[in-house]
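To start, the structure under review is shown below, and the notes come after it.
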């Protein structure tokens, strides 16, 4: 288990993402408590931790959708809250909860997204068609997003996030509720994307998937980073799942109780 | 079983209220309203004892029919509020359809509105029953009447629950609700136009038909109190039995039919994009035009605006009403105001999807473009609509020459409302509830913001539009020429002000329109 390498030595390349003492409170509850997140450029990074650990809140603050109470966040060395324009042009986001323009069709959603980003219409249309094809959405491109299934929504949202060819991609639970076929499509697209040197940061509950995909892991618990580094260092000799349970101090509920379960007598 | 369902219902009410002051206050208002209707209705019907017997009966027939119609239509408008109404929630329990029906009936009878209906209807016994036999017959009639209301209402919601759970069904219903509300104005209009002649004759004419409906028979049985009444009670009991059977059958079907809402067709690929300018402005206009067509909340607003102004056209222009240029101007102005006021929560329609814009907008300029696109889209649809209304109103008013002035004034008013709306949208944003509901327009806890927003923008629009509208109404028609330039200036000013405020508080805006609902 490594102590987190938060400050790279001078001369090292600027990390894709770096936060300093990020804090967010909701009423009396501190959702994010002095988080120093680092993600090296070009990595496929996983942000893991139990529900309520502060993963979503942290991602929202890094992408400029939520104002932090304290601390700062940088993407590619640019401060998110000092120069939002430069950061917004460089990142793509798939937020939690699949919040999309429900009454547009998949194709219209991509066209709208590209055009408000200032990409010429013909170019948007070309990229949209390719993305729809790669995401296996061509047949449903003219259906309204409100009628899409969860997997389709994740795929169209990822297509929208990729449309402007961002340097870094932030995905909140991209694989939650997604069928295996769609998940495979998502993974293929993301692998191709990071292979070209771009960065992906995604939060997930599915440890096997993180273990399979990521080369960099940050573990959060109770609003803090409890471990972060290359996957091999964080998990040590155990599986990532075991490492996580140990890091967050999962309780053992024991064998007592539930004696009636399984006998099927009544 | 019945008692279990009643307890479930009470627990759901209690759980819904726990720890939420706004909802507690709302429920207190509901209770007060139910109490007022129960007391007021009882008193009103009881007072019929002082009226001539035939008039008393006619009034009671109309009241009972109205109550039944409200029971049929009302729950459809708020479907989803009462979890004990949705048969899908019961599908997993080992219940027969009959048990489920009995339980749901008990649950639906436990609540302030059914009790209020019962008390109100008992007023008829106090008001109409003459003679000793009439009172017990009256009591039975009242119980049957209220039971028919409840069962018919449940049977209808159950039969439609499959439709109501689909997206399309709810979209259609939203429009239906507006039409129903507009239809309630028809009797009013008919009376106002003097078509029915003497109101009492008109009432008698209507009740001669309504008297043979179940609620009419219930009212008649109470007043009659003799052998005819007993026969009518038998018919009512039969109607109730048939309704119970229908309900059970609907329930049996609803528990095993699935939601097919995602099996729907595609939308046409737009030819629109070719005509519109490229870039962000064109994209926003295209998106807004699609939303006007596809979003039920938007369509509701437009249907209501046009419907309401048509109703006003006839009710203001009725006997000894307004006429001449004033009527021609007032009608399109009302429509313009109602359309314009819908822009008072521009980002609410985007709702949780607003992050997509927030992620792109890098300055006040982008928000100004966004507003400009929205205003352009609304104007593209509204101005032709206002033109038609202006011409129609001018013709009804008997002064076709007033149409141009009416259109110019109304367009000016619309632009003022849009300008005001953009400022209100960034100052008082709120979340629209996910389900379209005729009675609440904001997420829990944001009712105050929503009220302040629409009231504030109505006041501001009204006072900013006065310099144009009042002179035109007073006969200085040439002032209408200033309406459009003035409106354009206010709209541009509103956009400038709103974009500055809006960009500074974009994350707050996002949070305000993304509340769970």
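Glycine is no exception: its Cβ is also placed from the backbone N, Cα and C atoms.
Per TrEMBL, these features apply:
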TRANSMEM  B:25-49  transmembrane segment
TRANSMEM  B:55-79  transmembrane segment
TRANSMEM  B:100-127  transmembrane segment
TRANSMEM  B:133-152  transmembrane segment
TRANSMEM  B:172-191  transmembrane segment
TRANSMEM  B:227-247  transmembrane segment
TRANSMEM  B:300-318  transmembrane segment
TRANSMEM  B:324-347  transmembrane segment
TRANSMEM  B:375-397  transmembrane segment
TRANSMEM  B:403-428  transmembrane segment
TRANSMEM  B:476-494  transmembrane segment
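Most Cβ pairs within less than 8 Å of the transmembrane segment (B:100-127), among stretches B:55-79, B:133-152, B:227-247, B:375-397, B:476-494, belong to B:133-152.
Outside the transmembrane segment (B:227-247), and at least 6 residues removed from its termini, the chain residues within Cβ reach (under 8 Å) are 101, 134, 137, 140-141, 144-145, 147-148, 151-152, 154-155, 158-159, 214, 217-218, 220-221. Counting Cβ pairs under 8 Å to the transmembrane segment (B:133-152), the stretch among B:25-49, B:55-79, B:300-318, B:476-494 with the most such contacts is B:55-79.
Through the fold, the transmembrane segment (B:300-318) approaches residues 174-175, 177-179, 181-182, 185, 188-189, 192-194, 292, 327, 330-332, 334-335, 338-339, 342, 381, 385, 389, 392-393, 396-397, 436 of its own chain, all at least 6 residues removed from its boundaries and within a Cβ separation under 8 Å. Nonlocal intrachain contacts for the transmembrane segment (B:55-79), taken as residues 6+ away from its ends with a CB within less than 8 angstroms of a stretch CB, comprise 41, 44-45, 48-49, 85, 117, 120-121, 124, 127-128, 145, 148-150, 152-154, 156-157, 160-161, 164, 173, 176-177, 180, 200, 203-204, 206-207, 210-211, 213-216, 218-220, 222-223, 437-439.
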